[in-house]
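**Q** Mind looking over this structure? Questions follow.
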Amino acid sequence: MAPPSPSHVAPLLKDELDIVIPTIRNLDFLEMWRPFLQPYHLIIVQDGDPSKTIRVPEGFDYELYNRNDINKILGPKASCISFKDSACRCFGFLVSKKKYIFTIDDDCFVAKDPSGEEINALAQHIKNLLTPSTPHFFNTLYDPYREGADFVRGYPFSLREGVPTAISHGLWLNIPDYDAPTQLVKPLERNSRYVDAVMTIPKGTLFPMCGMNLAFDRELIGPALYFGLMGDGQPIGRYDDMWAGWCAKVIADHLGLGVKTGLPYIWHSKASNPFVNLKKEYKGIYWQEEIIPFFQSAALPKESKTVQQCYRDLSLLVKEKLGPIDPYFQKLSDEMVTWIEAWEELNPAAK
């Protein structure tokens, strides 16, 4: 009997996953994603002018929130949601009621693998999230749970069950995710290298998380995926996803959770203006030289067993250790607490 065609296969986690998209424009890019994303529920977070009407292609099931909605739903706590920055996407994480989140930028298109087949990025993210991670011991064949792979000789049997995967970090073909100085010196560089690999980021190792092609288990790590206070009115931008990645990795390591990176690829269609980016990033370029050692040495109390408690602990460390660098970090620390308060208000713990 012939296997069922893709159109007749039930989409994975259809009722357990939301797709979060931050945008300032019509979402025509969804037409390309229709075969893969149409069965799922979308949460669209409209940045910028709330009076502007955003057009969504017909046939998609979605809810759309603009700044007026954010202010209405969160009241004074809306101060923690960035304005005029893609960090506004984390409002979608807040209001979702699903177990999993896939978030994608509106300039990301469907990529093709080396054989010319279109890549179903969401399906690969789901595979990553539904198989364990191995942060405590590196497997030289990368992800041992992939078909055709396994644990290599010398890998401890006591560690082969792995740990739950909290985050799946995908990559990009075409426009690399570079900072402004690298953009300026390599204006024509494009990424055409497709590496067919998924790996677990080892415990104790940080990474620069990019939010344009990202999935995570909201129940396991959601409260840590706060994209910071960036954009309009703030001295820094374009560090929102990296801030979330640093915080989430420290907490994942503390709680015994895993983070994977590699497949799937998307096609990143356009490069942002490096001069505009430099203006947003330049303080971050200085500050990251102190921020990264801070996260590398951040130790959370052993008694902290929930993501919310870990995040509150981290906010106190941010105020104590990073606050002296600039008053911005005092404010960021306060909004980290506000974010957790908003999370708990909209996501009350089960009795």
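FYI, residue positions are counted from 1 along the chain as it appears here.
Here the Cβ of each residue, glycine as well, is placed from N, Cα and C on the backbone.
Curation plays no part in TrEMBL annotations; they are all automatic predictions.
Residues or ranges marked as N-linked glycosylation site in TrEMBL: Arg153. The annotation site 'Required for activity' is assigned in TrEMBL to Arg153, Arg160.
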**Q** Rank the recorded positions Arg153, Arg160 by the number of other Cβ atoms within 10 Å of each Cβ and report the first-ranked residue.
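**A** Buried the deepest by this measure is Arg160.
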**Q** Do you know offhand how many angstrom separate Arg153 (N-linked glycosylation site) and Arg160 (site 'Required for activity') by C-alpha?
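**A** Approximately 12 Å lies between the Cα of Arg153 (N-linked glycosylation site) and that of Arg160 (site 'Required for activity').
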